[in-house]
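Q: Handing you this structure, nothing more for now.
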Amino acid sequence: MALAAKPNPAHLALAQWERWQEQRGRAFTLVTQNVDTLHEQAGSRALIKVHGSLDRARCTKRGCENGAPRGSVPLASVDFGPFHAFPSPRTVPRCPRCNKRMRPHIPWFDEFYAEHQDYGIQRVEERAKRSRLVLFIGTSFSVGVTDRVSTLALLREAKVLSIDPSGTSRVPGIEVIPERAEELLPRWIQALTESP
């Protein structure tokens, strides 16, 4: 179901903002906790997916070419036919390299961001340390990466904003904007791109 979803106006606005920044020679990095492909569909390229991606799978054997810390394969290349016909541990898709079980390319609750290089935690921290503006969208700040990024950005005295329609995400030093991202971001980007 997540892979069938379509980008909303906020996804499209973020991709437009990225292009606007690039045209001016400015850095832009979009860090997402979402595991869908909506940002890619919207056109975002400077993207770090800290929670992996549902459009990829990987081997459960660490060190396998298709497993952590570096490997994964497109989900479309994995044959789920036998599993869908007869779901059981025996029919879970197998790695074409080592025959171990395949798994979603996302971190499970007992894993760390450093488990796989695709999660990009080092790049996220580097960007946070250099950012002048950090914008959080739709997060409750209950995940380690949001705490880490906000801490690093605030130490650097960057401007840190949070778009939160409920207005309840109160973190010291972070300015909350109580609006919906899919309504606010297109307005912001339109104003930004229309200014001289």
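Just so you know, glycine gets a Cβ as well, placed from its N, Cα and C.
According to TrEMBL, the protein has these features:
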ACT_SITE  His51  active site, proton acceptor
BINDING   Cys59, Cys64, Cys95, Cys98  Zn(2+) binding site
DOMAIN    1-195  domain 'Deacetylase sirtuin-type'
Q: Could you tell me which of these binding-site residues, Cys59, Cys64, Cys95, has the fewest other Cβ atoms within 10 Å of its Cβ?
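A: Counting other Cβ atoms within 10 Å of each of the binding-site residues Cys59, Cys64, Cys95 gives the minimum at Cys64.
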Q: How many Å separate the Cα atoms of Cys64 (Zn(2+) binding site) and the residue listed as 'active site, proton acceptor'?
A: 20
Q: Around the Zn(2+) site formed by Cys59, Cys64, Cys95, Cys98, which additional residues qualify by having Cβ within 8 Å of the site's Cβ center?
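A: After dropping the recorded site residues, what remains is Thr60, Lys61, Glu65, Asn66, Gly67, Gly71, Pro96, Arg97, Asn99, Lys100, Met102.
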Q: Give the number of CB atoms, excluding that of His51 (active site, proton acceptor) itself, located within 10 Å of its CB.
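A: 16, counting other Cβ atoms within 10 Å of His51 (active site, proton acceptor).
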Q: Long-range neighbours only, meaning 6 or more apart in sequence with Cβ under 8 Å: which ones does Cys98 (Zn(2+) binding site) have?
A: Cys59, Lys61, Cys64, Asn66
Q: Cα distance, the residue listed as 'active site, proton acceptor' to Cys95 (Zn(2+) binding site), nearest Å?
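A: Spelling it out, the Cα of Cys95 (Zn(2+) binding site) and the Cα of the residue listed as 'active site, proton acceptor' are 21 Å apart.
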